[in-house]
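These notes are about the structure you will find just below.
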């Protein structure tokens, strides 16, 4: 009888019969997933660096830029030898990867400062622009997404049309319109510059408009997915108001996917930030990159592309991890 009772208890309590290998199996899956992610990230960075290496060499002779237009052939050859450009291409590539591992991108052709230090020094301004853009896109995009899903016919039509226009207008066109309206016509804001709150307003608006539309459509899509769930019908049957069902039940369940998508959205905004920074003369890493390209300051170009690439990779990893942490269904589906 005792053996039978123990068997019944064991069958009821999953923890009593769970083999010790179950925990090791989960840890093993996590380790394999982490290893696969690390390999993908390294391969992505390697591909980016390889593309960067060949593009820089296809765009012109760095030695000619360093030596200057009045350099003699002997001086030019001396500069090429100093840069290792007289070596075979594969040897140059191996040396380039070695410098990247040591985080040694050389010095700026014009300022003489560390190329990596120049790129990292411009990064905080871009991060400020991206953070303010995301705050605006969340503050405006979530209510617009709710209206897009739950509003009346006219409201949905107006919001939907506005979001379509926001996604259709190119960022640089919107930026020019903002400069004309707020700087030229009204004189409310400075057209160019950085470092003050006033100079941050128009770049943020230009960059956030597209992000607002994407956020609104993501919120509307997630609400549409959860609105037929049983727990919402149960809450409504218990007498909860429509507003309470929306804000206490529907939106929290739609939040995980939206939050993770917003983190990944930052990596897409970095490309738009390059355009915005150049247009508004905003001193971020995007403007630094474009200035270095036109000046053929190859060390700074390489350092800026490397920093941006690492930033995008890290943001995507954080977004994937956040999605797994906030939505266990995703973790189970990808296990």
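Glycine is treated like the rest: Cβ placed from N, Cα and C.
Annotated range for transmembrane segment in TrEMBL, selecting from 84-109, 188-213: 188-213. Among the ranges 61-82, 127-148, the one that TrEMBL lists as transmembrane segment is 127-148. Only residues 6 or more beyond the boundaries of the transmembrane segment (300-323), in the same chain, are considered here, and those with a CB under 8 A from a CB of the stretch are 37, 41, 44-45, 48-49, 52, 56, 100, 105, 108-109, 115-116, 118-120, 122-123, 256-257, 259-261, 263-264, 266-267, 270, 285, 288-289, 292-293, 330. Ranked by Cβ pairs under 8 Å to the transmembrane segment (188-213), the stretches 34-56, 127-148, 254-280 are led by 127-148. Within the same chain, residues 126, 129-130, 133-134, 137-138, 142, 171-172, 175-176, 179, 191-194, 199, 202-203, 206-207, 210-211, 214-215, 218-219, 222-223, 225-226, 286-287, 289-290, 308, 311-312, 315-316, 318-320, 322-323, 326-327 sit at least 6 positions outside the transmembrane segment (254-280) and bring their C-beta atoms closer than 8 Å to a C-beta of that stretch. Below 8 angstroms of C-beta separation, residues 155-156, 159-160, 162-163, 200, 203-205, 207-208, 211-220, 223, 246, 251, 258, 262, 265-266, 269-270, 273, 276-277, 282, 284 of the same chain, each at least six residues beyond the ends of the transmembrane segment (127-148), sit close to that stretch. Same-chain residues lying 6+ beyond the ends of the transmembrane segment (34-56) with a Cβ under 8 Å from its Cβ atoms: 62, 92-93, 96-97, 100, 298, 301-302, 305-306, 309-310, 313, 317, 320.
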